[in-house]
Every structure is written in structure tokens, then in C-alpha cells.
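Chemist: Take this structure, written in C-alpha cells, and hold onto it; I'll ask about it next.
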Amino acid sequence: MRFLTVDVGNSSVDIALWEGKKVKDFLKLSHEEFLKEEFPKLKALGISVKQSFSEKVRGKIPKIKFLKKENFPIQVDYKTPETLGTDRVALAYSAKKFYGKNVVVISAGTALVIDLVLEGKFKGGFITLGLGKKLKILSDLAEGIPEFFPEEVEIFLGRSTRECVLGGAYRESTEFIKSTLKLWRKVFKRKFKVVITGGEGKYFSKFGIYDPLLVHRGMRNLLYLYHRI
């Protein structure tokens, strides 16, 4: 069986082409690139954080079914579930399915999100700016600082503008992750598996298991529920 899984982000669209349990092709496209492409007329499951772009996706992939939070079989223990993004629930479900009931999910993209699944329940987390967005905003707002693109920069002291900017942004992100992991381990007195995903996930792979297809694997796992979604 051939089908697609689609993850619509704030600035890109990720598409996986599956044949059974294997990914045969994977595309990461900007919104502009996506609109120029043609796709096979296959059934598809998708999630979207950018509803304004979802109908354009439907125009290119007519057989897509966008999933809702309630489609993912995971208990949500969150103060404002009505404002919780489907992407966070989808990632929490996927992490629980493949990595166990106590897991931290780090999703690195436009936003850097770190969420906690505790005893199989989604509990919440923290959200901050992604690495690329930090660099872009700094360049836009600070005259004289050029725009740099994300890199993994492990230095103890920046000695050029490039090193200072990249090192500062990267260290801010890594310290955010380190301090959160330390806090949760102390508060909840547990060891957590840590899984990293997202377009910028490779820069933080040292913190755990890097799984760039995490949410796609979760959606594939839901395919047996397709006719009930």
C-alpha cells in the first residue's frame, strides 16, 4: 500500500511517501516550493500548524485527511487543551508509541519546543524561538549584525562576529534544553528517554535519539484507524 504523510509547518511542508512500513521518499519543501510541485494521487494523512495553508495543501493533495488532536490516542493533562497544537499532541503520541511512557520530546524548527510525556500522559512543556528565527530576528533588529544560518557551534568563547552570534544563539538553545532536562529529572525523580525531531533537530542530536521522521511514523501507525478518522 502506497500513501503519504504530510506535516505542514510554519515555514515548510514535510512529505513522506510510504510503501507499507518503509519510507520510499521524503521531501522537505518551503511553502513556495510545495505549490510548484506535483504529487501522486494517493491517500494521505496530515497535521498542520498553519491552517491558512491547509487548503492549499488540499488543493495539491486532494485525498488528504487532516488529523485532529482527538485522533491521537494519548491522554492530555493540560490546563488549556483547546489552545494546544495538534503537532504537539501528535509528537507526544508518536514518542510514547515508539519510545515508552516517560519521554521528553524536543521539536526544533521555527519554534524550539520541549514537551514531557509522563506515565503515558502529555503534561506540557516549554516553547521558545527556534535557532534560525533567533538569528534572523537578531540580524533584522541589530544594525551591523549580518544574518547567519544555523550551525552547531561548540565554542567556549566567540572571537569573531560569526562565532559570537552563532555561538550565542546555539548556547542559549542548548542551555534551555539542558536546564529543562535537569529540572524535570529533579522534580519528577525519573530518567526520561529524550527524542529529538524537527528541521533543526540535527543540531541538538547530542541530547538523545534523533528521529527526523517521528511524527510521520506516528501518523503511519494511525493508518489502521483511517476509516474512523
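Including glycine, each Cβ sits where the backbone N, Cα and C put it.
Okay, so Swiss-Prot annotates it like this:
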| type | residues | note |
| --- | --- | --- |
| ACT_SITE | D87 | active site, proton acceptor |
| BINDING | D7, V8, G9, N10, S11, S12, V13, D14, T110 | ATP binding site |
| BINDING | Y78, G85, T86, D87, R88, T161 | substrate binding site |
Chemist: Within 10 Å of the Cβ of G9 (ATP binding site), how many other Cβ atoms can you find? Include all protein chains, please.
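Modeler: So the number of other Cβ atoms within 10 Å of G9 (ATP binding site) is 22.
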Chemist: Counting every protein chain present, what is the number of Cβ atoms, excluding its own, within 10 Å of the Cβ of T161 (substrate binding site)?
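Modeler: Excluding its own Cβ, T161 (substrate binding site) sees 12 Cβ atoms within 10 Å.
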Chemist: So the record assigns D7, V8, G9, N10, S11, S12, V13, D14, T110 to ATP. If I measure every Cα pair among those residues, what is the longest distance in angstrom, as a whole number?
Modeler: 14
Chemist: According to DSSP, folded down to helix, strand and coil, what is T86 (substrate binding site)?
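Modeler: DSSP call for T86 (substrate binding site): helix.
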Chemist: For a quick check of packing: other C-beta atoms within 10 Å of the C-beta of T110 (ATP binding site), how many?
Modeler: 20
Chemist: Taking the mean position of the Cβ atoms of D7, V8, G9, N10, S11, S12, V13, D14, T110 as the ATP site, which residues outside that list, in the same chain, have a Cβ no more than 8 Å away, listed in sequence order?
Modeler: H31, V49, K50, G109, G199
Chemist: Cβ atoms within 10 Å, counted per site: which of D7, D87 has the most, among these recorded positions?
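Modeler: Per the Cβ count within 10 Å, the most buried is D7.
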